[in-house]
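Asker: Below you will find the structure I want to go over with you.
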Ligand SMILES: Cc1cc2nc3c(=O)[nH]c(=O)nc-3n(C[C@H](O)[C@H](O)[C@H](O)COP(=O)(O)O)c2cc1C
């Protein structure tokens, strides 16, 4: 069992989303000391899909077999991190109303036909086992109230794409207005951390239940 912690802010020190992600990871670890696998997408961005990746991921001979093609090595590694995680914590900034490009590249490596979802005539069916996902977003602007001036395409998109691969339990939390005065940000962050503490309690219950009742998730390595 492990916790997969994915971060995508280009900023390290001073990143609001990373601070909130760390808060949730630390709360969880104080209750259950699980190993944490860190996937920093800003530090090591996944590649964009290239021609050989597209061919391998769509070819009937390679698409369903783990690590069969060299073009799928990165994809298989990132999928294995998801498969081995009992809970996933993602923190990222909003970039232009949606996910940062590095996180979109991660999605393109992980969401693969006949590997993590099956296309059928009645829609896509997720092939991964359910596990809870926490989605933490930091945004410079606001989405509600009189000063709100932008849509949020990030939350519905990420929720839907995780559902596509079988992960339907996504809890999201948005820290709004990071571009505003420090007092505003401090208050919003304190509220966000209080919400994260509640999320931690729910995740703990799920993880403790997995620890006590079920067999550990399938251990696989592609290194
Ligand atoms: C390229 C870029 C695009 C951004 N687009 C948005 C946006 O659409 N909406 C918004 O509220 N903030 C936007 N921001 C502001 C960031 O979301 C905000 O600064 C956030 O706090 C950054 O996350 P971090 O503090 O974890 O680094 C953008 C910032 C950058 C650099």
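Just so you know, glycine gets a Cβ as well, placed from its N, Cα and C.
Note that TrEMBL annotation is computational and uncurated.
As listed in TrEMBL for this protein:
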- 1-198: domain 'Flavodoxin-like fold' (DOMAIN)
- 9, 15, 16, 17: FMN binding site (BINDING)
Asker: Quick check on the binding-site residues 9, 15, 16, 17: which one has the highest count of other Cβ atoms within 10 Å of its Cβ?
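Answerer: Result for the most crowded candidate: 17.
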Asker: Around the FMN site (9, 15, 16, 17), what further same-chain residues have their C-beta within 8 angstroms of the site's C-beta centre?
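Answerer: So the additional residues around the site are 7, 11, 14, 18, 19, 20, 21, 91, 92, 93, 138.
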Asker: What does DSSP call residue 15 (FMN binding site) in the simple three-state scheme?
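Answerer: Residue 15 (FMN binding site) sits in coil per DSSP, no helix or strand.
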